[in-house]
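Chemist: Below are the features listed in TrEMBL for this protein:
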| type | residues | note |
| --- | --- | --- |
| BINDING | Gly12, Ala13, Gly14, Lys15, Gly16, Thr17, Arg127, Gly172 | ATP binding site |
| BINDING | Thr33, Arg38, Glu59, Leu60, Val61, Gly87, Tyr88, Pro89, Arg90, Gln94, Arg133, Arg144 | AMP binding site |
| REGION | 32-61 | region 'NMP' |
Amino acid sequence: MSVRLILVGPPGAGKGTQAELLCEALGIPAISTGEIFRRHAKAHDELGQLAESYTSRGELVPDEVTNKMVAARLAEQDAADGFLLDGYPRNLSQVAALDSMLGESSIDAVLSLVADDDEVVQRLLGRAAEQGRVDDTEDVIRHRIELYHAQTEPLISVYRERGILVEVDGMGGIEEVAQNLVSELKAFLTK
Ligand code: ADP
């Protein structure tokens, strides 16, 4: 299916997992800015070191850097027939940047995973114990969640006003949430 999607949700809502499942089901690439930053950080290259100096504190990587990286990724061949953006845009200025990359009406749907703060903190602390991600300490986690409310939530209203917001309960099990995402998306797109 040729469809252009954005997935938003608080840290710990299971975005990465759901992005992969959904993209497999739809046959489109998942483009995760967090994942790209982690890959560069592992390679210890210039972008990776720069990104990690922000991500390790729970700060956003500067827009200029992130926007340029996304523009380059969207220009790759596999994104020509649809994609799902996971973790981008994350603030209003990134919304404006994406609009100028693609045009305002080019996104088909914005899927918003709805989850509550206490639950996501518990999940992230669990993941920290398992995987040891550098941005998974409790203070950093709380800061990421604050940033989500302050900077990312406002873009949900923008997309709601554009009539492309699809809200999905993110609090069930992985399979359950995955099924809800697919069915609510299909219902929205055939409306
Ligand atoms: P989570 O959803 O758990 O916050 P991500 O993998 O999406 O994890 O992102 C990890 C980190 O990468 C973020 O906390 C942030 O520092 C950085 N990052 C990811 N996407 C963006 C973005 N669009 N703009 C700026 N920074 C970003």
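Cβ atoms here come from the backbone N, Cα and C positions, even for glycine.
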Chemist: Using Cβ-Cβ distances, find the residues under 8 Å from Gly14 (ATP binding site) that belong to the same chain and are at least 6 apart in sequence, listing them in sequence order.
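Modeler: Those within reach of Gly14 (ATP binding site), by Cβ under 8 Å and sequence separation of 6 or more, are Leu113, Ala115, Arg123, Gly170, Ile174, Val177.
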Chemist: State the three-class DSSP label for Thr17 (ATP binding site), counting H, G and I as helix, E and B as strand, and everything else as coil.
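Modeler: DSSP call for Thr17 (ATP binding site): helix.
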Chemist: Can you work out the mean pLDDT of the predicted model over the region 'NMP' (32-61)?
Modeler: 95
Chemist: Among Lys15, Arg127, Arg133, the binding-site residues in question, whose Cβ has the most other Cβ atoms within 10 Å in this structure?
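Modeler: Sorting the candidates by Cβ neighbours within 10 Å, the top entry is Lys15.
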Chemist: Could you check what DSSP calls Thr33 (AMP binding site) once collapsed to helix, strand or coil?
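Modeler: Looking at the DSSP assignment, Thr33 (AMP binding site) belongs to a helix.
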Chemist: Looking only at Thr33, Arg38, Glu59, Leu60, Val61, Gly87, Tyr88, Pro89, Arg90, Gln94, Arg133, Arg144, which the record lists for AMP, tell me the maximum pairwise CA distance in angstrom.
Modeler: 25
Chemist: Give me the count of other Cβ atoms within 10 A of the Cβ belonging to Glu59 (AMP binding site).
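Modeler: If we count other Cβ atoms within 10 Å of Glu59 (AMP binding site), we arrive at 14.
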Chemist: Considering only the binding-site residues Thr33, Glu59, Val61, Tyr88, Arg90, which fall within 10 Å of Arg127 (ATP binding site) when distances are taken between Cα atoms?
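Modeler: Matched binding-site residues: none.
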Chemist: Taking a cut-off of under 6 Å between Cβ and any atom of ligand 1, tell me which of the binding-site residues Gly14, Thr17, Tyr88, Arg90 pass.
Modeler: Tyr88, Arg90
Chemist: I'd like the Cβ neighbour count for Ala13 (ATP binding site), meaning other Cβ atoms within 10 Å of its Cβ, all protein chains included.
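Modeler: If we count other Cβ atoms within 10 Å of Ala13 (ATP binding site), we arrive at 25.
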Chemist: Would you mind pulling the longest C-alpha to C-alpha span across Gly12, Ala13, Gly14, Lys15, Gly16, Thr17, Arg127, Gly172, which the record has binding ATP, in angstrom?
Modeler: 17
